[in-house]
Amino acid sequence: MTDTPLLQMTGIVKQFPGVRALDGVDLDVRAGEVHCLLGQNGAGKSTLIKVLSGFHQPDEGTITWDGQDAAFSTPAKAIEHGVATIYQELDLVPHLDVTENVFLGHEVSRAGFSQRSRAREMARALLARLGHAEIPVTRVVGDLSPANQQIVSMARALSHDTRLLVLDEPSAVLDQQEVANLFRVIRSLTAEGVAVVYISHRLEEIRQIGDRITVLKDGRTVATGLAVADTPTAELIRLMTGRSIEYVFPPRPETPRDQGEPVLEVRDLSLAGVFTGVDLTVHAGEIVGLAGLVGAGRSEILETLYGARRASTGTVAVDGKRLRRGSVTSSVQAGVGLAPEERKSQGLLLDEAVYRNITMSSMARFARFGFLDRGQERKRAEELTTSLDVRPTGVTRAVRTLSGGNQQKVVLARWLLRDCRVLLLDEPTRGVDVGARSEIYQLVRSLADRGVAVVVVSSEIEEVLGLADRVLVVREGEVVHESASTDIDEAKVLDLVMEERVPA
Amino acid sequence: MSQDSVRVEKEALETEREPNPVLALLRTSVGRNAGLVVALLLICLVGAITAGSRFTDWDNAMTILRLAAVVGVVSIGMTFVIIGGGIDLSVGAIVALSSVWCTTVATQELAQDIHWLWMVAVALLVGSACGLINGLLIAYGNIVPFIMTLAMLASARGLAEIISDKKTQIVSVEGFDDFFNRDILGIDVQVWLFALVSVAGWILLNRTTFGRRTVAVGGNPEAARLAGINVKRQTVYLYVLIGFCCGIAALMLVAKTTTGSSTHGSLLELDTIAAVVIGGTLLTGGRGTIVGTVLGVLIFSSITNIFILNNRSFSEQSLFKGAIIVAAVLLQQRLASRNSTT
């Protein structure tokens with residue numbers, strides 16, 4: 001490990017409409033080190049690596065690569081200079097085989113004819129270097145496990161003369177054994193002098209693999225070059241959140257809520273191959289949280305009980321009335337609302353005005369013989385956006401121009417307007433900055449106080465525990481634990497979701 | 001928090017400001033339509049220069065409008081389908097089928113003294129029924145609109161040939177011809193019909209739940225579905241709507257030519273889709289205007305008229321029209337790509 005940085009980024013600024021994604025970020029990476037990038041959702045990690053890999057051009061700031069000024073104008077330029085990025089969603093072509101994927105874009109050829117056997121040999125050598133000689137180079141990539149696909153992706157990165165490898169949450173799709181394997185590969189790469197930028201939410205992984213840490217918060221670098229060994233976890237959390245207490249959750253009501261009539265009753269709900277036998281009862285004014293790893297089936301449970309997916313078995317009832325299976329329309333009519341996980345692609349019409357997004361589910365209320373009273377629509381939307389403090393104000397502006405937190409408020413306003421009985425929230429604070437989070441939490445609690453039954457799904461265990469009255473832990477499509485959220489702590493939940501994970 | 005928000009707001013406003021004011025204007029729908037008006041005026045100028053008074057006189061203006069009317073009525077329906085995220089290639093064939101079906105009804109022996117309104121009802125029903133078949137199979141059969149309507153294009157034209165035995169059916173039903181070829185205030189009924197359909201279309205798109213749902217379904221079908229909008233049903237309605245428009249167009253053609261024929265409406269899909277695209281409606285769905293479509297139709301029929309007045313061949317016309325479509329789409333993409341940088 002040398003002290004001259006291989007990569008130095010200084011004062012990087014990147015502006016998107018309505019959001020300053022990066023607002024002065026510094027990062028330096030040395031050859032042969034594992035540099036961890038930490039930060040909450042929306043802190044700017046993804047944008048930063050996209051700037052680094054040539055997808056985005058920085059608006060301000062300088063990038064020095066190997067002692068020379070460099071801003072990579074295209075991803076191809078970045079690869080040429082030896083920067084390879086492996087994104088969360090792997091960019092492999094599923095119908096091509098391993099060899100073809102490894103050499104995609106720079107096929108092994110002579111005089112325009114591809115040299116298949118030589119390519120296969122080279123692919124084999126690369127896989128062996130990664131310690132995965134067992135992956136057959138002629139296998140179609142779509143048939144490989146996610147872990148092996150990741151290895152193929154890394155082989156592709158190494159097929160270029162890679163000096164810096166960026167891994168964006170590589171462990172998200174892996175089980176523990178596969179993670180250990182990944183770490184072995186990373187160590188052998190750094191031993192060869194390759195620098196690695198490692199992004200992960202899991203602090204324990206960073207402890208194991210990282211050399212130094214840079215922490216991002218709200219698009220700024222709050223600490224850089226921290227030595228992993230000397231930095232206590234509490235310090236890291238303080239840096240990420242900007243305060244020693246992690247989140248401010250609204251207080252729970254004094255009296256337990258589960259004495260009233262149940263509003264939402266789910267019995268033996270299953271979706272073939274995803275989850276089975278889910279029972280769930282939510283009373284008026286109660287918030288129930290679903291905790292579990294990504295892929296455990298949490299979102300699918302929510303979508304199925306909403307009718308967006310057709311359940312294989314089971315029933316969902318609201319106020320004692322059975323919902324039609326697989327019909328969102330009937331769920332909405334019965335008073336169920338969903339704030340989906342992917343707000344932009346599933347929740348909003350980005351180019352349409354704020355008020356139209358709000359009234360979208362209650363149009364009938366503003367219509368007479370099908371004719372809309374737009375003045376009334378705007379008036380109601382204005383009342384709602386004012387009470388939810390949506391900024392910038394103005395209900396005719398396109399939703400696209402709002403920040404993540406304000407977009408989420410627009411989605412919530414939609415269901416507020418409908419006076420829904422049951423509100424389903426899937427990752428309610430994803431892409432929402434820390435300040436706006438507590439506002440969202442307050443809002444959810446005040447909805448519950450008005451008698452709405454709320455179900456929350458979140459990857460962040462502390463969010464589930466802090467917000468919900470009752471917690472269900474989901475593991476591999478089954479509810480493995482249910483209790484009041486005050487009777488369980490984060491460590492116990494983690495233990496439950498990780499327990500007995502069968503290696504793939 | 002409030003300070004932060006103010007900062008974000010200011011920045012949002014700053015990034016919205018456009019370096020090039022012309023591009024910024026063209027990005028709003030009002031600005032785009034103003035651009036189309038300018039284009040139309042330029043084309044008229046070309047017409048006046050090349051054909052002189054033969055272009056500028058009142059009768060020729062009526063000719064252009066009459067030319068525009070049939071295409072225009074169908075283009076209004078097409079605007080809805082395209083905003084709703086679909087496409088309909090079968091419009092020409094549906095027009096042909098509706099025309100021969102209604103003339104067959106009129107020429108059957110038993111029906112000699114049939115009231116002309118029956119012809120109207122049959123044409124509208126046949127058109128709507130074809131649209132219903134398209135819509136049901138697209139929405140509930142999950143067939144891609146392009147393929148479904150391509151199949152309808154072949155089948156409807158084929159059925160029209162079977163019904164008419166490939167013969168042109170000449171009809172002369174008194175009330176019918178009188179109604180559709182009458183002048184009101186010196187303007188052809190057909191032109192009035194186009195105007196009426198356009199105004200109705202504008203109201204439907206901009207002032208009703210139907211229009212709002214259409215935009216939602218085309219703009220983001222998943223978001224629309226999760227917001228509780230019945231996307232499939234709306235899709236069916238959209239194809240029925242364009243089928244109905246085809247029925248109206250068929251009646252206009254039958255009256256104009258006093259015939260029903262399986263060759264009516266050939267290449268109508270080209271003219272209507274082109275008019276809609278030139279009018280600024282996004283082919284990806286979710287955005288478009290009726291005013292733009294009307295202007296697109298007028299631009300197209302003016303160009304046709306100028307070519308005819310200058311004795312240019314149909315082939316040259318087609319060549320030129322193709323080029324215009326490509327130019328319009330290129331311009332649209334430039335505007336759209338600058339618009340979504342998030």
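Numbering starts at 1 and runs along the chain as it is shown here.
Each Cβ is built from the backbone N, Cα and C atoms, and glycine gets one as well.
Since this is a predicted model, take the numbers as computed values, not measurements.
The annotation transmembrane segment is assigned in TrEMBL to B:34-52 (among others).
Look at TrEMBL and you will find B:64-83 (among others) tagged as transmembrane segment.
Away from its own ends, the transmembrane segment (B:89-107) comes close to residues 74, 77-78, 114, 116, 118-120, 122-124, 126-127, 130-131, 134, 146, 149-150, 152-157, 159-160, 163-164, 169, 171, 173, 176, 242-243, 245-247, 249-251, 253-254, 259-269, 272 of its chain (Cβ-Cβ under 8 Å, at least six residues beyond either end). The transmembrane segment annotation in TrEMBL covers B:89-107 (among others).
Packing against the transmembrane segment (B:116-137) from elsewhere in the chain are residues 88, 90, 94-95, 97-99, 101-103, 105-106, 143, 145, 148-149, 152, 156, 171, 173-176, 179, 235-248, 250-251, 254: each is 6 or more residues past its ends and has a CB under 8 Å from a CB in it. What TrEMBL records for B:116-137 (among others) is transmembrane segment.
Among the features that TrEMBL reports, transmembrane segment is placed at B:143-163 (among others).
Per TrEMBL, transmembrane segment is recorded for B:184-205 (among others). Sequence-distant neighbours of the transmembrane segment (B:184-205) (same chain, 6+ residues past either end, Cβ-Cβ under 8 Å): 62, 65-66, 68-70, 72-73, 76-77, 79-80, 83, 211, 214-215, 245, 248, 252, 255-256, 289-291, 294.
The annotation transmembrane segment is assigned in TrEMBL to B:236-255 (among others).
What TrEMBL lists as transmembrane segment is B:290-309 (among others).
Using a Cβ-Cβ cut-off under 8 Å and counting only residues 6 or more beyond its ends in the same chain, the transmembrane segment (B:64-83) has close neighbours at 91, 95, 145, 187-188, 190-191, 193-194, 197-198, 201, 204-205, 214-215, 218, 238-239, 241-246, 248-249, 252-253, 256, 268, 271-273, 275-276, 279, 281-283, 285-290, 293-294, 296-298, 300-302, 304-305. Panel annotation: around the transmembrane segment (B:143-163), residues 81, 86-90, 92-94, 96-97, 99-101, 104, 130, 133-134, 137, 262, 269 of the same chain, lying at least six beyond its termini, place a Cβ under 8 Å from a Cβ of the stretch.
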